[in-house]
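Participant: What TrEMBL lists as domain 'G-protein coupled receptors family 1 profile' is 33-267. What TrEMBL records for 20-42, 54-77, 89-110, 130-153, 173-189, 210-232, 244-269 is transmembrane segment.
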Amino acid sequence: MLTNWTLSDANLFAVARVGGSLFLCTMLVGIFGNGVIILATIKSPNLRSPCHIFIAIQALTDIGTTLGHPLFVFYAFSEKFVTFRDCFWQMFLPNSSMNFTTFLMLCIGVDRYVGTKHIVCYKSLPKIPYILSVICGCILYDICMKIGGFLTTSDGRVLCLVPEGLAGRGKDIWVASQIIINVAVIVIYQKIKKNLKGYGNASTSDPRKIFSSLYLIQACYVGGWVTTMVLLGGQMVLTDEVNVMVACESIVGLAANVNLMIPFFIYYTRSSVYRAEIRRIFGIRTERVGYTDSGLGGTSGI
């Protein structure tokens, strides 16, 4: 049931200025951290498995997602509205990156599941076609969301934020799909955890340590994307007042933005391979870490 909540333009801009400033802080940290992950993947022969490449691609799309923040901050401080139609095009790249990164998180989960459940099958997959098929799946999801957003956009005014690149029924479908993807990610990682219980310490590299970084990222993912999308879904049920919706997104969106910047810190602190390669980038002497196949789909470098 819709409420009669309203928010004045002045209050909206005040909230947006605070939220936007925090977005910029997370953007700067995220560009640095994700950029280092990308560089480490390019330079290191130890980071060549499909999962490592997916992580690097996700780092790139995480950066792309944050590129809409400067424009949002500009509009917030200049107190300027645009139409949903204009916002659709202005946030086209950041919105596409956001769609790509959330769907890719699901694909990484599926990759890890297959790598633990069907090891022989996973190792027999042709690397390049497999990676390209995942990329195509992410692009296809974004195209579907873009078509829905384009067909249901309007000339109503809005303070342009990345999610506001979609409007109307298209945005409703997008939020619903995001919630479904987020729940699927949680389910898949729980299945991975169950699969790994059967391995114990049988291999030279403990599977629990191998996947610890991904587990932690999943926990942050739940606290970031899942929380954000569930709150957005609840907010859309309660109100369709644009100012209220944008103000809410300026607040709850911070959780998702924090999630975009933390992979670097998690991989650096939890993965010996990533830590060694990152330290090497900055010229810090470190012992060479070899890549040893744990028998779990070649995941020992994670």
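Note that Cβ sites are derived from N, Cα and C of the backbone, with glycine treated the same way.
Please treat TrEMBL annotations as automatic predictions, because they have not gone through curation.
Looking at the shown structure, what environment does each listed feature sit in?
Facilitator: Tertiary neighbourhood of the transmembrane segment (54-77): same-chain residues 13, 16-17, 20-21, 23-24, 26-27, 30-31, 33-35, 37-38, 41-42, 47, 90-91, 93-98, 100-101, 104-105, 107-108, 111, 131, 134-135, 159-162, 165, 257, 260-261, 263-264, 267, 302, selected by CB-CB distance under 8 Å and a gap of 6+ residues from either end.
Packing against the transmembrane segment (173-189) from elsewhere in the chain are residues 99, 102-103, 105-106, 109-110, 112-113, 141, 145, 148-149, 166, 214-215, 218, 221-222, 225-226, 229-230, 232-233, 236: each is 6 or more residues past its ends and has a CB under 8 Å from a CB in it.
The list of residues near the transmembrane segment (244-269) in space but at least 6 beyond its ends in sequence, with Cβ under 8 angstroms from a Cβ of it, reads 5-7, 11-12, 15-16, 18-20, 22-23, 26-27, 29-30, 32-34, 36-37, 55, 58-59, 62, 65-66, 101, 158-159, 161-164, 213, 216-217, 220-221, 223-225, 227-228, 231-232, 235-236, 275, 278.
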Participant: List, by number or range, the same-chain residues at least 6 past the transmembrane segment (89-110) whose CB is under 8 A from its CB atoms?
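Facilitator: Residues 51, 54-55, 57-58, 61-68, 71, 82, 134, 137-139, 141-142, 145-146, 149, 160-166, 174, 178, 181-182, 184-185, 188-189, 192, 214, 218, 221, 225, 260.
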